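Trainee: Sharing a structure with you now.
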Amino acid sequence: MNAKVEVGQPAANSFFAANLADADPEIAKAIELELGRQRHEIELIASENIVSKAVLEAQGSIMTNKYAEGYPGKRYYGGCQFVDIAENLAIERVRKLFDCQFANVQPNSGSQANQAVFLALLQPGDVFMGLDLAAGGHLTHGSPVNLSGKWFKAVSYGVRQSDHLIDMDAVEALAKEHKPKLIIAGGSAYPRHWDFARFRAIADSVGAYFFVDMAHFAGLVAGGAHPSPFPHAHVVTSTTHKTLRGPRGGLVLTNDADIAKKINSAVFPGLQGGPLMHVIAAKAVAFGEALRPDFRLYAQQVVVNAGTLASRLVEKGFAISSGGTDNHLMLVDLRPKQLTGKAAEAALGRASITCNKNGVPFDTASPFVTSGIRLGSPAATSRGFGTKEFQDVADLIAETLDGLAKNGEEGNAAVEASVKERAIALTQRFPIY
């Protein structure tokens, strides 16, 4: 005879009440260690930022429990009236933020937002143009290892060897030769402004859509510290983290009603099923934050700080690709120092300064080694770093890398330890969480 097992109230209470440290101490420990890293390292990865406590609360909310296939007012599940509020707020706020007519806030990432544009506007085998990954573009802009380069015919444009700037005459010549259906402006490591008006004129001349991927500089656009892709672009995508300082995710914007309809169908049901409503709620919070006056000050300071970091590094004898930066990021070419990006990233990491190895224009080193590093100002600016702090950061970077060049990895421990002590002291003046 089988004993009857009843689910008792104490067990249910335990499920809903147990905190993470009790329920899963291993994950809790990993989070604790990561918090310590974020608190005590100077974060210079250009694609990273630090979100507000409010964004964290929204993303960790009970909105994660709700399935909501479809769009506000047109869901395939019941009980969506409150998640509809969150998504409608996200749409309303992001439209206001970028002064555009239509927005889809459901993409789970910038890559999926870009895929939605391809699905909406292209057919397999169609030709499109984007910045070469080796010149600062992005995987999703036609890299042969990415879906965009496998399903479509990608024609890449590059930068001039003389100044590492995009040669718009060369872009125009390529467009006239290949007759693309779509032209992309945007990248992951291009430190200068984009000539949106010229790109649109070139696109119009060959009957192409003009698509801007502003994942890296969206927050700067929102804060009035970078030219807007509107009214030039037919369609715009972005991530919601990076300079926009929200949760990890994507979005698509347009002023064209027909394109908006195609984008909505491409996102759902074309690419995704149920949207992540807890993330969309967090996006709404971040968009609301970005509409406030203090975000404009933040965006402007991001640009000032990046310029300060770049100019100080030049003073210290480092080569900066294109000679500087107009936005939040820069590429440091380490070939004159006879260093690799891989070695520099590791040395700076040991000194409590986080960055990423990155190829530089016309790099001959492998992507796993590289001849440069990419640096960005958004996260440290969120902490409160100003121009003086970024001058200090540049000095710490120079001291570490000059020591590495002189002493080698095995002989640079004392320099790295000294820099680490000062880097941690700097972070402690600007605490997070």
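Cβ from N, Cα, C; glycine included.
OK, Swiss-Prot features for this one:
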type	residues	note
BINDING	Leu133, Gly137, His138, Leu139, Ser366, Pro367, Phe368	(6S)-5,6,7,8-tetrahydrofolate binding site
SITE	His241	site 'Plays an important role in substrate specificity'
MOD_RES	Lys242	N6-(pyridoxal phosphate)lysine
Trainee: Using a 10 Å cut-off, grab the number of neighbouring Cβ atoms around the Cβ of Ser366 ((6S)-5,6,7,8-tetrahydrofolate binding site), all chains included.
Mentor: 11
Trainee: Give the distance between the Cα atoms of Phe368 ((6S)-5,6,7,8-tetrahydrofolate binding site) and Lys242 (N6-(pyridoxal phosphate)lysine), rounded to the nearest whole Å.
Mentor: 23
Trainee: Which residue among the recorded positions His138, Lys242, Pro367 has the fewest other Cβ atoms within 10 Å of its Cβ, if you could check?
Mentor: Pro367
Trainee: Across all protein chains in the structure, which of the binding-site residues Leu133, Leu139 has the highest Cβ count within 10 Å?
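Mentor: Counting Cβ neighbours within 10 Å, the top one is Leu133.
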Trainee: Measure the Cβ-based neighbour count of Gly137 ((6S)-5,6,7,8-tetrahydrofolate binding site), defined as the other Cβ atoms within 10 Å of its Cβ.
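Mentor: Result for Gly137 ((6S)-5,6,7,8-tetrahydrofolate binding site): 25 neighbouring Cβ atoms inside 10 Å.
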Trainee: Distance between His241 (site 'Plays an important role in substrate specificity') and Leu133 ((6S)-5,6,7,8-tetrahydrofolate binding site) at the Cα atoms, whole Å?
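Mentor: Cα-Cα, rounded: 21 Å.
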Trainee: By Cβ count within 10 Å, point out the most packed of the recorded positions listed: His241, Phe368.
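Mentor: Answer returned by the neighbour count: His241.
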Trainee: For Leu133 ((6S)-5,6,7,8-tetrahydrofolate binding site) and Lys242 (N6-(pyridoxal phosphate)lysine), determine the Cα separation and express it in whole Å.
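Mentor: About 19 Å separate the Cα atoms of these two residues.
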